[in-house]
């Protein structure tokens, strides 16, 4: 009996040593056997909404790429026009490197701390004010992006007016201007029958298939644009391309800073780091998924920037999709133009639920911090989802221009989420894990972000004024 008791105690210690993430208690059952029951549970963790082991690295890559390759892709050719080809690629690469550094900051402190959300991570370092700052920035950024997506979809399907010129949408080209293909009705149809079923999915990993399709559609958009540019080059119809900024005629040094916020907005996916990480069976794989996603996104952004600039030259508008509504010389050319526009509109419709996921989570975390997790409260989940869709739809049909909206988001909230907040967490160093070079890099990132944002905002205000 003494030997048996010793073996039982040894087995108990072994089991407890294999379960390091939660405290366990041994309790005797009616049959006399010992069961393991959890004493502490992460009730406020995203893990309760998204059980571990659901997502693979490929699924995480699709969701991260979808977050980055959203509406930002359509403004890349306009930024390349301002920067020139060589500085354009250099700036993209530099921003991607800085994004990778700040993501590593967040992942490292998430692993060392107890929080599994961005807002919780800031709360560990700066208390409730830090958490509130993140939640406000996420709400402004994500809601702004969702509005932008609906505006672009409306432009593609229903047309818009830019610079005194009326650009017809695909539906208007096919059926003429009708009451049923006006912006309000068409966007409402897309919201109800395309986006609504997707935003009701409770887990980020459930969106991996739609994210994969959205990336495929973005690749189709790039492939067609590239083929058109190469064909135009073969026929000698391409526009002159500048390798460097044209300081002599059109571009000032301050104009260069207005392009950075657009690129920062494109690469800003920090708000979805924690939801995606929480579903991976091995959280350490997140760094690997992030680097793969950044490499894919750089390739996509530079490809569309280069070939879009080659195809349209100085006539590129802030939304390159508007350039594709030009009358073509043939029916095949018109079909290609419409295919490009429709593929990208569908791409944005599939990006929408990924951005909506973190927006809804942060709003719920702010308003219902003491309630059960959102995925387990169906009534609250349904009401919040429908209210967000209704608000996004209402605002989207009255905003006239997206270019300044992108610059505003990139110059303020996205910069905070992508660079300033991660740098501040490293400098605060509540867990004592920051190295000297980490703090130096954090200071440099914060200074660069603040200076760039201030110059971009001042230049935009001066231009508008």
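Even glycines carry a Cβ here, placed using N, Cα and C.
Taking TrEMBL as the reference, the stretch among 82-107, 316-341 described by the feature transmembrane segment is residues 82-107. Ranges compared are 31-53, 54-76, and TrEMBL records transmembrane segment for 54-76. Ranked by Cβ pairs under 8 Å to the transmembrane segment (213-233), the stretches 54-76, 82-107, 128-152, 292-312, 380-399 are led by 292-312.
The listed stretches are 54-76, 82-107, 184-201, 342-359; of these, 184-201 has the most Cβ pairs under 8 Å to the transmembrane segment (380-399).
Tallying C-beta pairs under 8 angstroms between the transmembrane segment (82-107) and each of 54-76, 128-152, 184-201, 292-312 places 292-312 first.
Same-chain neighbours of the transmembrane segment (184-201): 150, 153-154, 157-158, 171, 207, 210, 349-350, 352-353, 356-357, 360, 382, 385, 388-389, 392-393, 396-397, counting only residues six or more beyond its ends whose CB sits under 8 Å from a CB of the stretch. Most Cβ pairs within less than 8 Å of the transmembrane segment (292-312), among stretches 54-76, 128-152, 342-359, belong to 54-76.
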